[in-house]
Amino acid sequence: MTTPSTAKQSAAPQPETGTARVKRGMAEQLKGGVIMDVVTPEQARIAEDAGAVAVMALERVPADIRKDGGVARMSDPDMVEGIIEAVSIPVMAKARIGHLVEAQVLQALGVDYIDESEVLTPADEVNHSDKFAFTTPFVCGATNLGEALRRIAEGAAMIRSKGEAGTGNVVEAVRHMRQIKNEIGKLTVLDDNELYAAAKELRAPYELVKEVAVAGKLPVVLFSAGGVATPADAALMRQLGAEGVFVGSGIFKSGDPAKRAAAIVKATTFYDDPKVIADASRGLGEAMVGINCDTLPEGERYANRGW
């Protein structure tokens, strides 16, 4: 027999977990901030003290992955758990493109976000992971609007323009952010018939293309990544339309990581104030040694991974 109290309990709304709204809402809380790559609990604490909104736990920063070569895989679970325990801010971790089991392991470890990352060696050359199958939200990279929409159609709750990770060179980050924003702008002036053609060209669902055309922006948060090494780089990406930035090798491959981390956070927040950015850029020590992206062989360009 159902009592009034049990009826009231059953009628009470249950908290949502794993829905698109919840996953996207988690990313909304990170807007305007900096997410930093860290490889140890100590680095994670430096990032948190500097004002990072989240950290990305991985065994090697992209610059070292690029230098060492070989196959780059998901980080050791003990390392990920050590970073989770070290900080109170959200912790993200990377899984290989299409590697469902690495993503399942990261979800079991309790990370706040899974990055299906081109920085790691892809596990599947045909399929990305089905992100709707997870309660943990995913962030994915994109070099253009079509790529971004395909990842969102697979369930991504956050997009980052790829740039070229591990180079300390912001040129590809600029190229990809401009590409995404320009393609969004073109959609906004198309009529319905033209949007059908655009959806075919973008290889993305029409409904999603129409949503972007009406709103003038992606339905998920858009960050920038790949090559940000200075406060000015971070501010530039914000001025180009990024809602936040990922910084990988640029902090912990620099001369004074703690000072540079705090400076990049400040520049990301006050991205439209050149005086603040100038002050933040003083006395930071040596920046990471960069790589000219034009010299990278095609097979060493991480941004080309994924489709």
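Note: Cβ is positioned from N, Cα and C throughout, glycine not excepted.
What TrEMBL annotates here:
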COMPBIAS  1-12  compositional bias 'Polar residues'
DOMAIN    20-225  domain 'PdxS/SNZ N-terminal'
ACT_SITE  LYS94  active site, schiff-base intermediate with D-ribose 5-phosphate
BINDING   ARG178  D-glyceraldehyde 3-phosphate binding site
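Cα to Cα, the residue listed as 'D-glyceraldehyde 3-phosphate binding site' and the residue listed as 'active site, schiff-base intermediate with D-ribose 5-phosphate' are separated by 25 Å. A helical conformation is recorded for ARG178 (D-glyceraldehyde 3-phosphate binding site) in the three-state DSSP classification. Here the domain 'PdxS/SNZ N-terminal' (20-225) has a mean pLDDT of 93 out of 100.
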